Amino acid sequence: MISSRADNDRVRDRGFMAEAIQLARRGLYSTDPNPRVGCLLVKDDRIVGRGWHRYAGEAHAEVDALAQAGSAARDATAYVTLEPCCHYGRTPPCSRALIEAGIARVVIATADANPQVAGQGIAQLQAAGIETSLGLLEAEAAALNAGFLRRMRGDRPFVRVKIAASVDGRTAMQSGESQWITAGPARADVQRLRARSSAIITGIGTLLEDNPSLTVRPSEMGDLDENASPRTQPCRIVLDSGLRTPPVAKMLQAEGRTVILCRQSNPSASEDAGKSERRTMLEAAGAEVTELPGRAGESGLTWPAIVEWLQAQPFNEVLIEAGATVAGSAITAGIVDELWLYQAPTLLGSRGRPLAELPFDHMAQQQRLTVLDRRQLGADTRTIFSLRASA
């Protein structure tokens, strides 16, 4: 069978868009809160410009590629992983830059859900006489910015739970002893997972027991290949209904934002006595303390209230690094999109602490997961599961 020219063109377009998506991936750890975007400029089947967005406030992918191409950009085809912006923000609109450069055709993977764009970038290009198409490798490009696209639609961030465990599904000994279940390659991967996250959530139990810093340490991220290194730290969020966080906690000494979410105070409740003083001390130590509503008759925080607060923040992707109670309650609440499970070739025994506390008593309650990826990291194994969480 002889391939038609149209078939060849589609194959060529897919190949160039796949390369643009790889360019976008270089910003995996650095563009937050902006999306990861790549752009490839092609003229006469020859690549004349490659660009990608590195950091918020710096050149967008299209402008980066145009700068590399120079005058060769005229009459070229631009392969862009996200609809070009058409508004003035911290940088000028990319749609205008493509028009002024004389681009003849623009192939776009994904529409931008940002209300300031949302089809207007495409409309501007078409009004200027530029041939445009939308949807090539859309799923692959959208997956790279799932959290951003969701946030632009006014929904919650993309949520992951990270758990390090033994082969027998234990995260710690009964005493709580757990440090370094996994080895160096897995820990470097966790650093990269943190780096791509806008925020990291933990519980007060983990904070009091482990006193984690929950920071990204670029020197421990391993080989980043061509990825840009992160310049900022994820926001650290502590679920602490009673404000028991010590003002000397490590994360309060670290660079970046630390938020403590607590339950709205009830002046008549005995457990809230002294809460105002503790709040003052924590804020003096650099914490942001935010009170959230809860259910009547209960003293703890609720995931609906937490999610509502998260939706108001500039967070694309949120990572939960916490104990079995917080991890299990998040999964049960249906807010988790992915579970990242790191398993070490070791046994901790039946008295060890479980992966997550889940209120399942019957087989009918089991939650089936979909394996998205499984790979070996040294002696350890990392498996990424989709939980098919409701949005």
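The backbone N, Cα and C atoms fix where each Cβ goes, glycine too.
The structure displayed is predicted, hence computed values, not measured ones.
Record check, TrEMBL: NADP(+) site residues include Ala164, Trp180, Ser241, Gly323, Ala324, Thr325, Val326, Ala327, Gly328, Ser329, and the candidate from Asp155, Asp210, Asp223, Asp225 also listed there is Asp210. Each residue in Val37, Ala61, Glu62, Val63, Pro84, Thr91, Pro92, Pro93, Ser95, Ala97, Gly121 lies on the same chain as His60, Cys85, Cys94 and has a C-beta within 8 Å of the C-beta centroid of that Zn(2+) site, without being one of the site residues. In sequence order, Ile200, Leu214, Thr215, Val216, Pro234, Leu319, Glu321 make up the list of same-chain residues 6 or more apart from Arg194 (substrate binding site) whose Cβ falls under 8 Å from its Cβ. Here Ala327 (NADP(+) binding site) is positioned 41 angstrom away from Cys94 (Zn(2+) binding site), judged by their C-alpha atoms. For the pair formed by His60 (Zn(2+) binding site) and Arg217 (substrate binding site), distance between Cα atoms is given as 26 Å, rounded to the nearest Å.
The two recorded residues, Gly323 (NADP(+) binding site) and Arg217 (substrate binding site), show a Cα separation of 22 Å.
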